């Protein structure tokens, strides 16, 4: 009998450990991934009332959920090791800081945890059906589809799309963070995320050559660094092991997070291709002068009205990032008119220095440019720092040749203009000669009103 009571007491202790005061995302072991897991969806609610302590909610128990407020669902993807997403709590905190909302973390780790990707992929529609059942109960209590926002990561992006399809695209918004590519590439719209799944669909593609989806899936599709090989991520498996496989894929989440923290605002440029963007062909955003370019992340829907004027209401947008947070690059245009008798072909490096002595350098990442007499060449330059009062500019001209004569580039006029701050005065230099591979510093002046 004593053994029996001891056994019951131990069971009670185990039960009390399981029923946490603050429920957390399901944490599983790699063993669970090897043997596979049955689907079990838990909904963890965070609000400003309980932003550090989640509530388990379901179709009958709503906790602190207020149906009159915006409700954001965060849906994760494939979990091959069973661990919680490393970015999850940062995303929860950042979202609740920018807006008073209901934040629901969709925990389907039991189901997503498996070493066999197809098993997790096959459960995505089941997760979507469960979410629809919950949203139906929200609607019955007075919620509006306009106020439903879904953020889906990898497989979670397609789950969000499946939910949206069941409401005929009437959800307020879906954000896809590097939607999964394997098993979804080439699928018809009914089998993946699609622009018609919500009133507004924005997508960040950060790993299109491996785990992500390459083609556009939203009303606006952002391609940081062309959608491949993100700066700061390891280039080989020997540098960082498993991080090599997932770093590019996860970068979509960290870029989205940066838009919430407001350390800087990442501006993107609608363009047909990354190549055209890098060559400076897409800086007016396809809008009348003075209209803002789209912003990456949480505030991307500010561009919804501009997109509605397009037919179809879709666009691709490109931008470059720095290697680490805050990720912003500051864009300038460098307009150059030369007067060499002979054609020159090469690239330009530019360095800026402000009045305090701070410097920032940009290799103007373009294909070799042809400089012809009296023809203007416009180059897009990107810098890690934004220097307000530029006191000195340095230029280096290079043809890329290792041997042979050093050529000169004779500049009739160089003009520097900020894309991020068009109100700043444009800076010029007239009658300048660059010797190949030699840094040439000079003090710019405010451009004259009459230009060639």
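For all residues, glycine too, the Cβ spot is worked out from N, Cα and C.
Remember, predicted model here, so these are calculated numbers, not experimental data.
If you check Swiss-Prot, you get these features:
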type	residues	note
SIGNAL	1-16	signal peptide
CARBOHYD	50	N-linked glycosylation site
CARBOHYD	66	N-linked glycosylation site
CARBOHYD	122	N-linked glycosylation site
ACT_SITE	154	active site, nucleophile
ACT_SITE	178	active site, charge relay system
DISULFID	233-247	disulfide bond
ACT_SITE	249	active site, charge relay system
CARBOHYD	263	N-linked glycosylation site
DISULFID	271-282	disulfide bond
DISULFID	285-293	disulfide bond
DISULFID	428-447	disulfide bond
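This view paints the features noted in Swiss-Prot onto the structure.
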residue	record	Cβ contacts under 8 Å, 6 or more apart
50	N-linked glycosylation site	63, 64
66	N-linked glycosylation site	47, 102
122	N-linked glycosylation site	none
233	disulfide bond	243, 244, 247, 248, 251
249	active site, charge relay system	154, 178, 206, 207, 210, 211, 212
263	N-linked glycosylation site	325, 326, 328
285	disulfide bond	269, 270, 291, 292, 293, 294
428	disulfide bond	413, 414, 415, 416, 444, 445, 446, 447, 448
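Under 8 Å, Cβ to Cβ, and six or more positions away along its own chain, residue 282 (disulfide bond) finds 269, 270, 271, 272, 276, 318. The secondary structure of residue 282 (disulfide bond), as reduced to three states from DSSP, is coil rather than helix or strand. Residue 154 (active site, nucleophile): 31 other CB atoms within 10 A of its CB, across all protein chains. Each of the disulfide-bonded residues 271, 447 was scored by the number of other CB atoms within 10 A of its CB, and the lowest score belongs to 447.
A sphere of 10 angstroms centred on the C-beta of residue 247 (disulfide bond) encloses 19 other C-beta atoms.
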